[in-house]
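The structure under discussion appears below in the form of structure tokens.
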């Protein structure tokens with residue numbers, strides 16, 4: 001027999017087993033794995049309560065932090081705003097990276113746990129198959145020797161009734177068969193054990209399926225929350241941020257709940273893995289003898305098989321019966337030809353029993369079942385428990401990531417609110433306002449209206465002017481550049497005495513050929529006043545300031561106006577005699 005492969009508990013089993021086991025009243029509890037003991041179950045429940053207390057502290061911290069963020073006065077300094085925006089960005093980046101790392105660790109831990117559990121189920125199925133095979137062989141051989149052999153011996157007794165020596169041989173064979181039946185009755189009946197193993201494997205597989213599925217859904221939820229956070233910050237959407245905060249709080253609760261379940265399961269599993277033989281001996285003492293259980297648990301070379309004597313007697317009895325049948329075939333058949341058929345069938349039955357004996361010897365050997373036992377321990381205590389540790393690490397990282405997201409969420413919300421408030425101070429018609437661009441993207445463009453401005457004159461009352469009809473000019477490009485300045489903005493020429501000015505309006509234009517002028521009414525300067533913006537010694541003129549369209553194509557200016565050049569700036573001047581009464585401003589056609 002080869003040397004037994006020893007089971008050695010890994011270091012994480014010893015470390016988890018050393019965790020203090022306390023009851024609900026904080027008293028010490030024996031750490032021996034015993035799920036039937038109420039105090040031991042309370043010690044595992046206490047670990048879940050510790051995780052619940054940590055969740056409460058986490059929520060209190062978040063509530064205090066959010067209260068501080070919401071109650072503090074916003075700082076309007078630009079440097080502070082930029083610093084807050086950078087802080088929110090980095091918090092979101094760190095939280096996203098931690099969440100992704102947590103999901104990766106969780107996937108690995110979930111896979112390891114699933115592999116370990118299914119290795120346990122596979123080992124249980126193999127052991128169940130072996131034990132069921134032992135029961136089938138024992139019951140089949142017993143039935144053959146009791147029923148079939150008895151029938152053949154009864155017919156041969158009738159045939160050999162006149163020969164006392166042959167009858168004595170038949171009785172001896174019947175005695176050997178009885179010895180075999182007695183020895184087979186000493187083999188344990190594994191029917192109850194196989195039923196329990198089948199039930200355990202089925203329940204374990206069902207629980208593992210729902211556990212794996214729940215972990216997978218939790219991973220997907222975490223990734224969706226990270227995606228919501230990224231989209232909310234990228235698109236500056238309050239709706240996405242609010243959804244992220246609500247889902248992040250839910251994921252935080254689920255992470256701590258998962259940590260509680262993983263901690264209790266890991267500690268309980270480690271208690272079993274420290275001394276699995278002791279637990280199995282305790283639960284099987286009412287069904288199997290201690291000698292049989294120890295034989296399969298330890299499978300040591302120094303231990304003899306408890307079935308060795310029974311199998312030896314079985315083998316010797318079969319051999320004796322085969323010798324007796326061979327002698328009857330040789331000496332009795334020539335005298336009693338009718339006995340040949342029954343003797344041949346007995347010989348065939350004994351050969352079949354011998355084949356069953358060899359199979360039973362192999363199945364009762366400890367090496368097969370002990371290998372299944374070691375495989376089950378490896379799956380539970382190595383892969384399964386290691387996966388639970390990784391799942392616990394996932395829960396901690398996910399709780400940290402979502403706590404960071406919840407802390408960054410209100411700051412991002414506040415930043416967006418401040419940004420929108422700053423945009424509200426800008427004119428809605430300003431094309432450089434981002435809100436106006438967003439509104440324009442959702443509203444179809446309408447016909448452009450000519451903007452205008454008016455100023456009240458010192459000599460008259462304010463006059464409201466209607467915008468002129470939109471026209472398309474065929475003037476050369478140079479004229480538009482000349483009229484608009486270097487940026488090509490619509491402009492308005494205002495006559496202030498002898499000095500001409502261009503008034504540029506920063507509004508966009510949809511077509512290159514369009515040129516909009518803003519009619520501006522400004523107070524006419526007094527004759528004795530001189531415009532300070534003009535060149536030295538520029539004469540003042542009591543002219544009405546009028547915004548006009550520059551003639552296109554070289555056409556002459558309207559009557560009463562004439563172009564003038566002063567300091568390199570073209571202007572249009574409307575003159576009137578000194579005796580004329582002041583006239584209201586008017587729009588001159590192009």
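Heads up, the Cβ atoms here are built off N, Cα and C, so glycines get one too.
If you check TrEMBL, you get these features:
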- 525-590: region 'Disordered' (REGION)
- 7-24: transmembrane segment (TRANSMEM)
- 44-67: transmembrane segment (TRANSMEM)
- 88-108: transmembrane segment (TRANSMEM)
- 209-233: transmembrane segment (TRANSMEM)
- 240-261: transmembrane segment (TRANSMEM)
- 388-409: transmembrane segment (TRANSMEM)
Worksheet item: Out of 7-24, 88-108, 209-233, 388-409, which stretch touches the transmembrane segment (240-261) the most, going by CB pairs under 8 Å?
Response: 388-409
Worksheet entry | Interface check, the transmembrane segment (44-67) with the transmembrane segment (209-233), three or more C-beta pairs under 8 A | no
Worksheet item: Looking at the stretches 7-24, 209-233, 388-409, which one shares the most CB pairs under 8 Å with the transmembrane segment (88-108)?
Response: 388-409
Discussion item. Quick test of the contact rule: Cβ under 8 Å, at least six residues beyond the ends. What residues does that give for the transmembrane segment (209-233)?
Written reply: 88-89, 92, 95-96, 99-100, 102-103, 106-107, 110, 113-114, 239-241, 243-244, 247-248, 250-251, 254-255, 258, 391, 398, 401-402, 405, 409, 412
Worksheet entry | Positions on the same chain near the transmembrane segment (388-409), where near means CB under 8 A and six or more residues out | 12, 58, 61-62, 65-66, 69, 88, 91-92, 94-96, 98-99, 101-103, 105-106, 108-110, 112-113, 215, 222, 225, 229, 241, 244-245, 248-249, 251-252, 255-256, 258-259, 262-263, 265-266, 269
